[in-house]
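A.B. asks: What Swiss-Prot records for 1-182 is domain 'KARI N-terminal Rossmann'. Residues or ranges marked as NADP(+) binding site by Swiss-Prot on the basis of sequence analysis: TYR25, GLY26, ALA27, GLN28, ASP83, THR84, SER85, GLN86, GLY134. Annotation comment: Swiss-Prot describes HIS108 as active site, evidence class sequence analysis. Per Swiss-Prot, domain 'KARI C-terminal knotted' is recorded for 183-328. For ASP191, GLU227, GLU231, the entry in Swiss-Prot reads Mg(2+) 2 binding site. Summarising the annotation, Swiss-Prot assigns Mg(2+) 1 binding site to ASP191, GLU195. Sequence annotations record features per position, and here Swiss-Prot assigns substrate binding site to SER252.
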Amino acid sequence: MAVIYYDKDCDLSLIEKKLIGIVGYGAQGHAHAQNLRDSGLKVIVACVEGGRGWKKATADGFEVMCVAEMAKKADIIMMLAPDTSQAKIYKDSIEQGLKPGKMLMFAHGFNIHYGQIVPPSFVDVTMIAPKCPGYMLRQVFTEGAGAPSLIAVEQDASGKAKELALAYAKGIGSNRAGILETTFAEETETDLFGEQAVLCGGTTSLVKAGFETLVEAGYQPEVAYFECLHELKLIVDLMYQGGIAYMRDSISDTAKYGDFTRGPRVINEDTYETMGEILGEIQDGSFAKEWILENQAGRPVYNSLRRMESEHLIEEVGAELRSMMSWLKKKR
């Protein structure tokens, strides 16, 4: 079972005199910076000068500067820029500012695990990865609670890397919920697999397959949309709240029997085999290589697929039906 750390394991005083630099002020960056500041820690923010993040961080009362200047000043540097831009940011603006005693932190392990960023041996390299969106990390903190995080240590030059990372986790409030120990490899590989096989790739493909099956059988696209996409939220919310068993206890016996007997015919042995292949491509680095080369080439495949998917009938039907739902209009 996983090792989980709580408040008793976290000593905020270890970083009270250190200057923390946050790279990026987007979804996660703003939450980290504000939670750390509210915990009494010294925080500076690095963004693209004049950009939206720069303006927002300035408006929120932070000292904002370019990444290179921040890298020279900060004792702890947390990389919260998009994964695809981190390697260039590191090479151009951070690497030269690193000195013994500093710690480089990440919220996702991709660039370290796949060698896109190779820090010098004299710095600590750690990860604190909150398991929630940035807005939720901030919200629960202000309510006096916290969000769970993952912690990993890739490099322990100081001999105190884990303790310092735990202190950082306390600064963003994760000590109030729990900090689960992992590795850069495990976090990266499971995160990518979850995205590709279940949360994004698996779910969207399943939804579209169900929608297309009904439409091709002569059912109205609008009804197919409701049954295969719209109602998905009802089921996911139940699983999110209490797990699979809780969801099953909340649906009809007819739905439950169909779940037990037909579900395994949809997700069958062939699916398991394909999932294993997808995991293998993540583990051996071939997916990472493919994605890195795709970015270097200007994303031709990505852009083509994105355009093609946006033209799927389910998007047209969904837009029409969502326009009928006043509660969705209010959220936009």
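Just so it is clear, glycine is given a Cβ too, placed from its N, Cα and C backbone atoms.
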A.B. asks: Determine, to the nearest whole angstrom, how far the Cα atom of TYR25 (NADP(+) binding site) is from the Cα atom of GLU227 (Mg(2+) 2 binding site).
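C.D. replies: One finds 38 Å between the Cα atoms of these residues.
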A.B. asks: Quick one: pull the CA-CA distance for HIS108 (active site) versus ASP83 (NADP(+) binding site), whole Å only.
C.D. replies: 8
A.B. asks: Around GLU195 (Mg(2+) 1 binding site), how many other CB atoms lie within 10 A of its CB?
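C.D. replies: Around GLU195 (Mg(2+) 1 binding site), other Cβ atoms within 10 Å: 13.
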A.B. asks: Of SER85, SER252, the binding-site residues given in the record, which has the fewest other CB atoms within 10 A of its CB?
C.D. replies: SER252
A.B. asks: By a simple count, how many Cβ atoms lie within 10 Å of the Cβ of ASP83 (NADP(+) binding site), its own Cβ left out?
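C.D. replies: ASP83 (NADP(+) binding site) is surrounded by 16 other Cβ atoms within 10 Å.
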A.B. asks: Have a look at the binding-site residues (GLU227, GLU231) and report the one with the fewest Cβ neighbours inside 10 Å.
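C.D. replies: With the binding-site residues GLU227, GLU231, fewest surrounding Cβ atoms within 10 Å: GLU231.
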A.B. asks: Mean pLDDT for the domain 'KARI C-terminal knotted' (183-328), as a whole number?
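C.D. replies: Averaged over the domain 'KARI C-terminal knotted' (183-328), the predicted model reaches a pLDDT of 97.
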A.B. asks: Counting Cβ atoms within 10 Å across all protein chains shown, which of the recorded positions TYR25, HIS108 comes out on top?
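C.D. replies: Selected residue: TYR25.
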A.B. asks: Rounded to an integer, what is the Cα-Cα distance in Å between GLU227 (Mg(2+) 2 binding site) and the residue listed as 'substrate binding site'?
C.D. replies: 15
A.B. asks: Roughly how many Å separate the Cα of SER252 (substrate binding site) from that of GLU231 (Mg(2+) 2 binding site), to the nearest whole number?
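C.D. replies: Answer for this pair: 14 Å between alpha carbons.
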A.B. asks: Round to the nearest Å and give the CA-to-CA distance linking ASP83 (NADP(+) binding site) with ASP191 (Mg(2+) 2 binding site).
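C.D. replies: Approximately 13 Å lies between the Cα of ASP83 (NADP(+) binding site) and that of ASP191 (Mg(2+) 2 binding site).
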A.B. asks: How many whole Å apart are the CA atoms of SER85 (NADP(+) binding site) and GLU195 (Mg(2+) 1 binding site)?
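C.D. replies: With distance taken Cα to Cα, GLU195 (Mg(2+) 1 binding site) is 19 Å from SER85 (NADP(+) binding site).
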A.B. asks: Counting Cβ atoms within 10 Å across all protein chains shown, which of the binding-site residues GLY134, ASP191 comes out on top?
C.D. replies: GLY134
